[in-house]
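K.L.:
Below are the structure tokens for one structure; questions will follow.
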Amino acid sequence: MASGAPDGKWKVVKKGKKSGERREGERKALTESNVTPGGTAPIKMANTVYEMGFDRIHKKQNKEQVPPNNMSSEQPQKQQQNPGKKKPQSGDSVCKQSKFHTLECALKALDVAELQRDLEKSQNMFPENPSIWVKDLAGYLNYKLQTVKNDVLIQQSHDYPYCLINKELKGIVRSLLAKAPHVLDVMVDHCIFSMLQELDKPTGESLHGYRICIQAVLLDKPKTVTSNLPKYLELLRSHLNRPMKCLTVMWAVGQAGFTDFTEGLKVWLGLMFPVLGVKNLTPYAILYLDRLLLAHSNLTKGFGMIGPKDFFPILDFAFMPNNSLTPSQQENLRNLYPKLKVLALGATPESTLHTYFPSFLSRATPSCPAEMRKELIHSLTDCLNKDSLSFSVWRQLYTKHLSQSSLLLQHLVETWDSNSRAMRKSVRETVHSFKVTNGEFSGKGSSSKDLEACDAACQALLHKMKSGGFPWWRLIVIAFVFLFGSVLYDVRTHNSFQESTSAQILQQSGLLSVSREAWNKVSNYSLQGQSWLERNVPQYYSQAVEVLGPVLEQVWAKTQEGGAYACEKGSVLLSYAKDNLPRLIEWLHSSIPDSVFQFIEYLRELLLHLHQTYLLPAVTYLEAAVQNSWQQYVKSCNGKVTWDCVRGQVGNISHSSWTYLQNTTMTFTNWALTIISRH
């Protein structure tokens with residue numbers, strides 16, 4: 001504002017207070033804004049450099065003069081003549097801009113160089129207050145990225161809108177966040193509460209800039225929000241009557257889970273699972289869990305995050321009817337239940353399943369839904385099959401859960417043949433214990449239908465144990481042992497194999513003569529091959545040395561020269577790489593997409609898994625097999641490996657192979673002749 005001086009002279013009047021007073025007020029406001037609020041009180045927002053329009057303020061200072069008296073008297077007349085035109089307020093230093101149709105158009109129109117200049121000004125003016133830098137970044141991006149319609153986040157990918165920005169803008173954002181690592185939580189809170197304030201307005205602005213800043217922080221530092229989840233849960237509960245605000249908080253905090261599976265499970269269990277069942281929030285809570293499990297196919301990183309206290313409420317939500325979930329939501333949660341069960345049981349289910357057995361057993365009542373009863377019985381069977389301690393837990397709970405135990409016993413009767421041998425042994429001991437308990441109850445006269453059902457199931461199990469299938473394998477083993485023992489006794493009785501009855505049978509059948517003929521042929525061929533090698537190998541070796549010796553010497557000399565040259569060049573390259581490798585790494589981090597790093601991480605985990613699971617056991621087994629074979633070979637040669645021993649071993653192997661081949665051929669020939677004779 002301006003007015004004429006009493007003496008009729010022009011007088012320069014500046015807007016507001018003095019610059020020193022204004023800056024002092026700004027620093028005071030900024031200091032107040034940096035204080036982290038306790039509880040759920042909203043963060044007091046300070047004016048950022050961009051919002052104050054410091055650049056325009058400095059340009060306008062010293063240029064405003066007091067107009068003449070007649071000019072000041074004409075202003076009300078002009079305002080009356082043009083009532084539609086409003087006088088711009090002195091505090092509005094930022095001009096309104098037109099909105100873009102899509103976020104892609106807004107990002108293309110964004111002037112990255114201007115953003116860089118504004119951020120540099122902010123850092124120069126407030127070098128010791130990085131919270132102003134990050135707030136300026138959020139305010140600038142949100143002001144510039146205005147669209148006609150706000151996209152529905154539930155219909156977009158989990159990394160939207162951060163996935164749309166280019167590498168240059170990502171580099172600027174990341175470099176600024178790297179300079180302010182201690183105020184990242186302040187930035188996230190600033191963006192969240194700014195979005196909540198915009199939602200209070202009838203025609204609020206788009207929130208793309210705030211969302212991009214939240215994603216940029218939590219993609220690298222997910223623990224920024226997971227370290228204080230109770231605060232966000234209280235904030236969520238305070239806005240339950242405003243679904244859009246709740247979804248905004250859930251979306252913002254949920255961004256921490258897409259780079260770290262453990263932090264994502266913390267977010268879902270600590271923020272979204274408590275509101276599961278709230279009508280307007282349940283769809284996003286289930287969708288977030290689906291996207292989280294889809295983004296992290298390797299569930300091993302989440303082992304230990306879900307315990308019995310969290311798992312069984314999830315089980316009830318997934319299978320119990322008439323709860324606060326709709327049938328479609330319950331079906332979606334039921335599809336995710338198997339992965340949640342794997343996470344709950346952990347890497348060693350054989351040592352943790354007995355802790356889940358009591359809760360499984362108490363829920364497996366005859367009146368529970370069929371699908372839930374099927375899942376509970378299957379889980380109880382897994383507990384008994386994998387964790388032997390579950391049997392002792394079952395024996396302790398038997399008298400308190402007779403109806404549930406009868407269902408489990410009947411299931412064991414139906415699936416008895418498919419149970420493992422170790423489980424059958426434990427079931428036998430448990431059933432005998434149950435029989436004793438049933439007898440005690442019957443003696444006291446406290447019989448019931450559930451007790452009778454349990455007793456009948458125990459009787460059926462005992463009957464199953466006694467009436468097993470025909471032991472074919474035992475019969476085959478016994479027959480083989482009997483045949484081998486008979487031959488051995490026959491040879492021992494007649495003092496030699498040639499005089500034994502077994503040899504006579506083989507002689508009459510023609511097998512003995514055939515095997516002798518085969519052995520003679522193999523021995524003859526082996527002797528011929530040995531004599532050929534003894535005659536020709538020295539001659540061929542001398543010729544090879546005469547022809548290839550000079551060539552091999554030249555190759556060896558060239559190899560030495562090439563090795564020396566490679567070492568010389570390699571040292572130069574190593575020194576060059578040592579000097580330039582940090583720059584290359586920094587350039588790669590700013591240029592390569594994040595998906596490439598994720599793919600490399602997945603590939604590394606796959607190779608590590610293959611190395612530990614398959615390669616190392618295979619190498620160990622191969623080493624043991626080779627060592628065992630060599631020991632057996634040395635033992636067969638009486639501890640000394642000679643050429644005669646090698647020749648004998650080769651002869652034995654050849655004889656055995658030829659005998660087996662001839663026997664197989666004769667068997668096949670006889671079978672073919674039999675088939676032909678039938679026709």
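For all residues, glycine too, the Cβ spot is worked out from N, Cα and C.
The following feature annotations were taken from Swiss-Prot:
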REGION    1-94  region 'Disordered'
COMPBIAS  18-30  compositional bias 'Basic and acidic residues'
CARBOHYD  ASN70  N-linked glycosylation site
CARBOHYD  ASN298  N-linked glycosylation site
CARBOHYD  ASN322  N-linked glycosylation site
TRANSMEM  468-488  transmembrane segment
TRANSMEM  606-626  transmembrane segment
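Context for these features, please: burial, neighbours, distances.
P.N.:
For the recorded site, ASN298 (N-linked glycosylation site), the DSSP three-state label reads coil. Residues within less than 8 Å, Cβ to Cβ, of ASN298 (N-linked glycosylation site) and separated from it by at least 6 positions along the same chain comprise PHE261, TYR602, GLU605.
When secondary structure is read from DSSP and collapsed to three states, ASN322 (N-linked glycosylation site) falls in the coil class. Contacts of ASN322 (N-linked glycosylation site) defined by a Cβ separation under 8 A and a same-chain sequence distance of 6+ are given as none.
Tertiary neighbourhood of the transmembrane segment (606-626): none, as no same-chain residue meets a CB-CB distance under 8 Å with a gap of 6+ residues from either end.
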